[in-house]
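Here is the structure we will look at, set down as C-alpha cells.
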Amino acid sequence: MDSTGEFCWICHQPEGPLKRFCGCKGSCAVSHQDCLRGWLETSRRQTCALCGTPYSMKWKTKPLREWTWGEEEVLAAMEACLPLVLIPLAVLMIVMGTWLLVNHNGFLSPRMQVVLVVIVLLAMIVFSASASYVMVEGPGCLDTCTAKNSTVTVNSIDEAIATQQPTKTDLGLARETLSTRFRRGKCRSCCRLGCVRLCCV
C-alpha cells in the first residue's frame, strides 16, 4: 500500500510499509505498524481517535524480569503489596489471640485478657480494611503496574480480514447466515460447539 503521496500520520515519513488500521480516509488513513504500536502503548486506546473504528489488536504483558519500574509503578506495587502482607499477619494475630483466650483463659490475668481482646479486635479491623482495599483498589494498582509493561500486537485491516476470511469461496455459502449454516449441519468436524465460530465457515 506504499503509493505516492501517502505518509504515516504519526511520524509523517513516507518510507517503509504503510498499512491501513482503521476506517480513516485521507492523510490519516495509513501508518507504520511500529508507529501505531508505540502510539497505542502510550495512549492505551482501543479505537481510532478520529473514526472510532476498533483496532484489531492483542495486548500481552511482558515477563516480570523485563518490567521497567518508574516512581508511579513502585508506588502502585507498594500500595498493592502492603495489604497483602498485612492480611496474613492479621489472620495470624486473630488465630493466636483467640487460641490464647480460649485455651489459656485460667492462666491469664484480667489485664492480659483485655490486652489480647483489644489485639484481636484491632487485627480484625486491619484484616477487614486490607481485604476491602485489595478488592477495591487492587485492580487499579495492577493496571498501573502493567500499563507501561505490556506490548500490543496490532493487525492492519487486510491482515484482520485475512485471519477472519471464510475458507469456502462459494458466494452462496458465504452469504449464508450463521443460523442457516447451523441448521444445515455444515460445521467442520473439529468444532465441538456445533456452530457459530468463524473457523467453521
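Cβ coordinates come from backbone N, Cα and C, glycine included.
Of all ranges given (52-79, 136-163, 164-191), Swiss-Prot attaches the label region 'DIRT' to 52-79. Distance from the CA of Cys22 (Zn(2+) 2 binding site) to the CA of His32 (Zn(2+) 1 binding site) is 13 Å. Residue counts for the region 'DIRT' (52-79) under DSSP, split into helix (H, G, I), strand (E, B) and coil, are 12 helix, 7 strand, 9 coil. Cβ atoms under 8 Å from those of the transmembrane segment (82-102) belong to residues 108, 113, 116-117, 119-120, 123-124, 126-127, 129-131, 133-134, 138 of the same chain, restricted to positions at least 6 beyond its ends. Using a 10 Å Cβ-Cβ cutoff, Cys11 (Zn(2+) 1 binding site) registers 15 neighbours.
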